[in-house]
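K.L.:
Have a look at this one before I ask anything.
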Amino acid sequence: MLALLKQFSEKRFVWFLLAFSSLALESTALYFQYGMGLQPCVLCVYERLAMIGLFVAGIIALLQPLAFILRLIALALGLFSSIKGLLISFRHLDLQMNPAPWKQCEFIPNFPETLPFHQWFPFIFNPTGSCNESQWSLFGLTMVQWLVVIFSLYVVILTLLLIAQVIKTRKQRRLFN
């Protein structure tokens, strides 16, 4: 199975799927903000940045999927982004499920001074909403719960792909070849 996953990771389609799915989710977030009028909070902005990290990881490996080092860089960036996104989503879910006056998120994103994304790209990274509000749901799950599911899937898939890259597998012996 690991050999199959390694072969699978050497195909451009896999990395295109990663880049396309994260771009589609980012586009959906922008539609929710500008099309439906839902206001993003600080944690939503951080989750968006994690999604953009997944997009960049997909683009890196899409350049040359047969290059081992590019695959490893893409997997490391993708796994870091998906784990970070999952942790932020868990924190966001805790704020929504267990609201309390002392549990609030900040109003201004805490980006490094050298990378003030909220000033460079305010149409994507400028938070205007509250983290405690649940504004949308689908099939009984809120947007944050969907993000927990999505980031969990990314973590599992990228972890399996990373394991397939580093663990040596025995070649299959064929009897009739």
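Note that Cβ sites are derived from N, Cα and C of the backbone, with glycine treated the same way.
Grabbed the feature section from Swiss-Prot, which reads as follows:
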{"type": "DISULFID", "residues": "Cys41-Cys44", "note": "disulfide bond"}
{"type": "DISULFID", "residues": "Cys105-Cys131", "note": "disulfide bond"}
{"type": "TOPO_DOM", "residues": "1-14", "note": "topological domain 'Cytoplasmic'"}
{"type": "TOPO_DOM", "residues": "32-49", "note": "topological domain 'Periplasmic'"}
{"type": "TOPO_DOM", "residues": "66-72", "note": "topological domain 'Cytoplasmic'"}
{"type": "TOPO_DOM", "residues": "91-145", "note": "topological domain 'Periplasmic'"}
{"type": "TOPO_DOM", "residues": "165-177", "note": "topological domain 'Cytoplasmic'"}
{"type": "TRANSMEM", "residues": "15-31", "note": "transmembrane segment"}
{"type": "TRANSMEM", "residues": "50-65", "note": "transmembrane segment"}
{"type": "TRANSMEM", "residues": "73-90", "note": "transmembrane segment"}
{"type": "TRANSMEM", "residues": "146-164", "note": "transmembrane segment"}
K.L.:
With every protein chain in view, how many other Cβ atoms are within 10 Å of the Cβ of Cys131 (disulfide bond)?
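P.N.:
Step by step: centre on the Cβ of Cys131 (disulfide bond), count other Cβ atoms within 10 Å, giving 23.
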K.L.:
May I ask for the distance between Cys41 (disulfide bond) and Cys131 (disulfide bond), taken between their Cα atoms and rounded to an integer number of Å?
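P.N.:
Answer for this pair: 5 Å between alpha carbons.
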K.L.:
Which Cβ among the disulfide-bonded residues (Cys41, Cys44, Cys105) has the fewest C-beta neighbours inside 10 Å?
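P.N.:
Looking at the disulfide-bonded residues Cys41, Cys44, Cys105, the Cβ with the fewest others within 10 Å is that of Cys105.
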K.L.:
Could you please provide the mean pLDDT value for the topological domain 'Periplasmic' (91-145)?
P.N.:
78
K.L.:
Can you give me the Cα-Cα distance between Cys105 (disulfide bond) and Cys44 (disulfide bond) in Å, rounded to a whole number?
P.N.:
11
